[in-house]
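Following: one structure in structure tokens, then a few remarks.
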Amino acid sequence: MTTPFKMERGVKYRDAAKTSIIPVKNIDPNQELLKKPEWMKIKLPANSAKINSIKNGMRRHGLHSVCEEASCPNLHECFNHGTATFMILGAICTRRCPFCDVAHGKPLPPDPDEPKKLAETIQDMKLRYVVITSVDRDDLPDRGAGHFAECVKEIRKLNPGIKIEILVPDFRGRIEQALEKLKDNPPDVFNHNLENVPRLYREIRPGADYNWSLKLLKEFKTIFPHIPTKSGIMVGLGETNEEILQVMQDLRDNGVTMLTLGQYLQPSRHHLPVARYVPPEEFDDFRDKAEKMGFEHAACGPFVRSSYHADLQASGGLVK
């Protein structure tokens, strides 16, 4: 008889320990993988002083970056430019999406001092634009929305004039309560990723719902019509270009004006494999179509991620 898997609180479960308990699809770690094309190969910068400086600054304050926790391919570039996306509410997610490298498990209670520590770190780094994201916290009554609001409040208190983008989870089952918590301390940009097409949601985002995510974006825009909303899509997971275009149209129909679209990369052999590497010219075509749909800002390219050059995109610069 097999002993049921029991998670310990505060322990990070990654790779096979994480994806083996997803009931939707078993991933064969020995399967043959697609070879990376030349356009997907990154040359890492030689100078790591800035990278170490940012990492050390976060360690001193007990903070996390999604750049490290999700193994982002742009980490070296962004850290060398002195930018990072902070991840609040711990580094353990209550979901176990098989595309994501963030650890799964039973998270510890939120750190009540984190908003102040975050604000002080941002002040030390002299940032003028900051992105705040989080793991999913389905264990919390408000799904972590109150903690987001407190972070925004403390950041603005110590950093007047700063621009704040929040990249939020779907606040499953608590949209109204979550948006109520954000009313007094809204961000400058509200970001929530759809990730991929609805046909593949059960496989890619177990525990999430496509229409629920659209509802979150729409309801935020209804309450805060002057604040831009943003969403991100990954390609290369088995979707068709026509399906991606429909997702883009769904976003526009729900008031979203900022888009990021990038290539999915497999974090390990225990994650979903890449079904296709989308060539750069197709990303250019997606950008052209996004602009025709009415997106004010569309960052489309192989290495584009949700917060990649977020400050540049928010100011209207071309990101690809």
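Including glycine, each Cβ sits where the backbone N, Cα and C put it.
What Swiss-Prot annotates here:
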BINDING   CYS67, CYS72, CYS78, SER307  [4Fe-4S] cluster 1 binding site
BINDING   CYS93, CYS97, CYS100  [4Fe-4S] cluster 2 binding site
DOMAIN    79-296  domain 'Radical SAM core'
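Compute the center of the Cβ atoms of CYS93, CYS97, CYS100, which mark the site for [4Fe-4S] cluster 2; besides them, the chain residues with Cβ within 8 Å of that center are ARG95, ARG96, PHE99, ASP101, VAL102, HIS104, VAL135, ASP136.
With respect to their backbone Cα atoms, CYS97 ([4Fe-4S] cluster 2 binding site) and SER307 ([4Fe-4S] cluster 1 binding site) stand 19 Å from each other. Of all the Cβ atoms in the protein chains shown, 27 others lie within 10 Å of the Cβ of SER307 ([4Fe-4S] cluster 1 binding site). Taking the Cα atom of each, CYS93 ([4Fe-4S] cluster 2 binding site) and SER307 ([4Fe-4S] cluster 1 binding site) are about 19 angstrom apart. According to DSSP, CYS93 ([4Fe-4S] cluster 2 binding site) sits within a strand segment. A straight line from the CA of SER307 ([4Fe-4S] cluster 1 binding site) to the CA of CYS100 ([4Fe-4S] cluster 2 binding site) spans 15 Å. This prediction places the mean pLDDT of the domain 'Radical SAM core' (79-296) at 94. Reduced to three states, the DSSP call for SER307 ([4Fe-4S] cluster 1 binding site) is coil.
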